Amino acid sequence: MKNIRNFCIIAHIDHGKSTLADRLLQSTNTISERDMMDQVLDDMDLEREKGITIKSHAIQINYKHTDNQDYTLNLIDTPGHVDFSYEVSRALAACEGALLLVDATQGIQAQTISNLYLAIDNDLEIIPVINKIDMDGAMIEEVKDQIVELIGCKPEEILLASGRTGLGVDKILEAIVEKIPAPKGDPEAPLQALIFDSVFNSFRGIIVYYRILNGTIRKGDKVKFVSTNQEYFADEIGILKLKMTERKEVSAGDVGYIITGIKNAKEVKVGDTITLSNNPTPEQIRGFEEVKPMVFAGIFPVETDQFEELRDCMDKLQLNDASLTYELETSQALGFGFRCGFLGMLHMEIIQERLEREFNQTVITTVPNVSFIAYTSKGEKVIVNNPTEMPDPSRIDRIEEPFIKAQIITKPEYIGNIMTLCLGKRGILINQSYLTQTRVELIFEMPLTEIVFDFYDKLKSQTRGYASFDYHPIGYREADIVKMDILLNAERVDALSALIHRGRANDFGRKLCEKLKELLPRQQFLIAIQAAIGAKIVARENISAMRKDVTAKCYGGDISRKRKLLEKQKEGKKRMRQIGAVEVPQEAFLAVLKLDD
Ligand SMILES: Nc1nc2c(ncn2[C@@H]2O[C@H](COP(=O)(O)OP(=O)(O)OP(=O)(O)O)[C@@H](O)[C@H]2O)c(=O)[nH]1
């Protein structure tokens, strides 16, 4: 065990984690030149395309150190986006050390800091690395100062590297062996293995990745997952080279995989402890949490008769993404669909894209909202994941909404803009501190619902991209939330309802009506668009009548041409939804996301 090192790389998004990981694999010949594709660890198509790591993976590296001994280095790759921070934290818990990677042109960013805190929480040895030093804009000295300030190390302890050229990779490997402690643990003790990830394989079922803290797991053992209390047989176990490599046993200190024939990702919870049925560990590994979805939205098939097909796809998608939740939803406007829960907005985008790409489903996604809690005057507690679930205002005693702690790192010249933006979103400034002269950290407490819509985009445009952002939920607080309905020719469109803070409701209603006026095609009769809170109309727009005759161009008697045009029009209409007499195009259901100021 003394020659094992378990480590991960933590960094802000795009600071070059995957590229550096590739270099580590290449320089240790873990992977041959021929197999080398850029970013081998990002093996989902979508990951590669978006250039982000969505799920963490692990890989074993064999390395001969300058002391001439052979070492086994287990590299655990972690996702870089805030939506997946729980996964990061569990991957970190499986390591003894972390490379803290900072882009030399960017310096310390929000997720550098939040990931660092997660690593410190897990007692990891930190090896600071400045990456991308090959780039023209590299500010090595300045970034060194920032790192020294942040973690209190000596400047000479900071390694310099370039994932692009491979510069500094040798020094990193040496530091991993010399600085990161070998794992502790007793191979003879009752089994205690931490699940830090799982993947779905259509032939083998769910493959679970774990790090063994204590004990030994052998092929054929009967194992138990502590939090679900389910038992399985270890059909196959092994370690993770570039491919899975089967072994008879895996012991304390090591990282490995287990296949038990589990078909549903829900049975496998990241952070859970695996133990042996006949000799269970008395303690679960600390830090296990059920991940809760933060953002909810409806997903509906474009054609109502494609509902069954969509259900099938959702089932399959959930098999390999346990953090996706969904339940049946019926909407008068959109028919049968699902109310889905996501970890955050990026997660929602990923699910939508996977449905379209991997499953060939065209879907309508409705306005996302957070999960509110309504307390009725009778003392009942109602979880509201959908505007239609909000009890009638006359029955409500109070409503609570989720709050987050937001951390923003920026340049001093943008403080003003950020303050205006965050205070306008009901943020409360908690702290402002200078990390260095050119870098300031702002901490706000804010309602999550204000982040859901367009916060990222606004933050970016207000700071010309010089701001990084991270957040963590900090519980629920009382809020004055109202339900805003949209009526088209006096008919309520349930899929367009939104839950919104009362102070912003009128303004929001007016803008939404204006936006819908742009998005709805003119029809042969007048359309009234109204926004209402309860029975009170707060805004109205009209779309005047027009007669659209697509065959008008075809004077003369060419009937087949006329028919073709009518066919074409019918195709276009498929993406439309009939609300009463009004036809509503798909974009309109997401109009809320496109409101300008
Ligand atoms: N010039 C230069 N570019 C680099 C270097 N390392 C990474 N890059 C580029 O920076 C971009 C981001 O690199 P990635 O390795 O995908 O970053 P990441 O941190 O893994 O990103 P996430 O997985 O999304 O967190 C890519 O375009 C890389 O080609 C480097 O050392 N020098």
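Each residue, glycine too, has its Cβ placed from N, Cα and C.
Annotations in TrEMBL come from automatic prediction, not curation.
Record features (TrEMBL):
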BINDING   D14, H15, G16, K17, S18, T19, N131, K132, I133, D134  GTP binding site
DOMAIN    2-184  domain 'Tr-type G'
State the three-class DSSP label for N131 (GTP binding site), counting H, G and I as helix, E and B as strand, and everything else as coil.
strand
Please give the average pLDDT for the domain 'Tr-type G' (2-184) in this predicted model.
85
Distance-selected binding-site residues near ligand 1 (C-beta under 6 Å), from G16, S18, N131, I133:
G16, S18, N131
Within 10 angstroms of the C-beta of N131 (GTP binding site), what count of other C-beta atoms is obtained when all protein chains are considered?
31
Would you measure the largest Cα separation among D14, H15, G16, K17, S18, T19, N131, K132, I133, D134 for the GTP site and round it to whole Å?
17
For S18 (GTP binding site), name the DSSP secondary structure in the helix/strand/coil scheme.
helix
Are there any residues in the same chain, six or more apart in sequence, whose C-beta is under 8 angstroms from the C-beta of I133 (GTP binding site), and if so which?
A104, I140, L160, A161, S162, L167, G168
